[in-house]
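Noted in TrEMBL for the protein shown:
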| type | residues | note |
| --- | --- | --- |
| TRANSMEM | 6-24 | transmembrane segment |
| TRANSMEM | 36-55 | transmembrane segment |
| TRANSMEM | 80-104 | transmembrane segment |
| TRANSMEM | 124-141 | transmembrane segment |
| TRANSMEM | 153-175 | transmembrane segment |
| TRANSMEM | 187-210 | transmembrane segment |
| DOMAIN | 327-432 | domain 'Sensor histidine kinase NatK-like C-terminal' |
Amino acid sequence: MTVGWTIFEILINIYQSVIYLLFLKKCVPITRPSRLADCLCVVACAGFLTLYLFFDIPFTDSFNVIIYFLYLRYVSNERWYALGIWAIVKEVIVVATVGLMLALSRTLTSATHEMLMEPGALRLLFVASTNLVLFLVLFIFSRRIQRNGSPLAVPALLFFLGINISIFFAIEMLFSIQILSFSDTDWHIFAAYGGMIACSILSVFLYHMMTDVVHKQNQSQMALNHAQLTRQHQLELTDIYQETIARQHDFKHQMQTLEQLVAQGNAQAAKEYLDEYRKKVQSTQRYITGSIPVDALLASKSPAYKQHHISFYLEPYPLSDLPIDEVDFCTIVGNLLDNAIEGVNRIQNKHTKRVIRLSFHRIWDTFIIRCENNMEPGTLRRQAAVFLSSKTKDAAIHGFGIQNIELIAQNADGFCTFETQGHTFIATVTLPYPLPKEDETCGN
């Protein structure tokens with residue numbers, strides 16, 4: 001093999017590695033984009049394929065699927081079974097397309113496999129046409145794919161992974177038989193490849209249909225939770241209003257009692273009565289933030305704090321003007337507190353103090369909601385960098401609280417971060433909060 005032909009083969013390997021990478025990035029949600037990872041993946045795959053030019057390697061070059069799987073594990077937070085599905089589907093498309101083009105070339109030119117592998121015009125035509133068709137197939141297929149996360153349960157993902165692995169091995173065996181066959185290729189080969197590709201494509205579309213159904217169900221459940229939380233806030237506001245009216249009415253009676261005690265000259269009894277009434281009033285926790293719905297929400301969590309012996313600390317900040325709608329703001333705060341209560345309740349050590357801290361801050365044109373709670377690190381469930389709910393066995397489809405927080409933040413052009421520091425879990429929601437024009441003028 002001449003130097004020029006070797007360079008040509010290496011360039012083809014690089015080209016294939018790039019289009020494989022672009023195809024997978026189109027199919028899989030990328031949460032940690034990295035150009036360095038992209039380059040390393042292309043170099044590793046192209047280098048692996050180039051080894052076949054110089055060495056007689058006894059196993060198939062389809063093992064490059066491992067390289068792409070490892071790449072996807074690094075750049076995506078999807079579960080490994082979902083990533084495995086797409087890595088295998090890519091390889092099924094590649095092997096089937098190459099096999100079909102090989103069968104077509106042998107039929108049209110009456111050439112053997114060895115003749116098509118020898119450097120020359122025939123191989124140049126075969127390589128160019130095969131890679132052109134491969135690009136078109138991957139491009140058309142990727143255009144039909146919606147890059148969404150997979151909310152499917154583990155058994156469903158493993159089922160689709162198993163189907164595509166079976167199809168992959170069947171196509172590999174068919175390709176090996178095709179290479180070893182010295183007879184002319186007939187229609188049976190085309191039918192076999194067509195059937196295998198059809199099975200893989202149908203499994204992918206079924207996978208997408210099920211994913212869409214589950215995604216819509218999750219969206220409906222989130223909307224229902226949002227409506228229920230809104231209703232809860234309305235009831236809490238009603239309770240606060242009724243309690244305020246009752247206290248005003250009760251206050252008249254208390255004042256009358258005190259007036260009678262003072263009029264009778266019983267100052268000591270009046271003082272004791274006043275102290276007792278003050279303790280009664282102070283025993284009911286009330287919050288004043290400037291936003292009545294937020295006050296009602298915070299007050300509604302007090303019974304849970306008392307029941308579970310949780311110390312709750314609020315860093316006061318005026319909330320008379322909120323960065324987003326009151327309902328959405330309360331949804332974020334309510335879900336943060338619910339997650340924090342759930343976290344501290346998983347602490348097994350009875351001597352460990354259970355603490356939740358909530359704070360609001362405005363830093364220039366951003367508004368920050370921060371919720372901290374102590375927890376046991378071993379009880380956390382996470383998928384890559386994503387924390388999952390611990391309420392169910394398959395938390396990826398039930399963590400509506402965190403999903404609601406993220407959805408509201410994203411719709412407001414904000415973002416969320418969830419992290420751990422030792423035995424403390426920290427959730428931070430950052431929302432845009434543009435300064436009034438007069439403040440911007442003063443700042444300039």
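Each Cβ is built from the backbone N, Cα and C atoms, and glycine gets one as well.
TrEMBL: automatically predicted annotations, no manual curation.
Panel annotation: around the transmembrane segment (153-175), residues 60, 62, 79, 81-82, 84-85, 88-89, 91-92, 95-96, 98-99, 102, 189, 192-193, 196, 199-200, 203, 206-207, 210, 394, 396-397 of the same chain, lying at least six beyond its termini, place a Cβ under 8 Å from a Cβ of the stretch.
Long-range contacts of the transmembrane segment (124-141) within the same chain: residues 12, 15-16, 19-20, 22-23, 90, 93-94, 97-98, 101-102, 105, 116, 201, each at least 6 residues beyond the stretch ends and with a Cβ under 8 Å from a Cβ of the stretch. For the domain 'Sensor histidine kinase NatK-like C-terminal' (327-432), the mean pLDDT of the prediction comes to 80.
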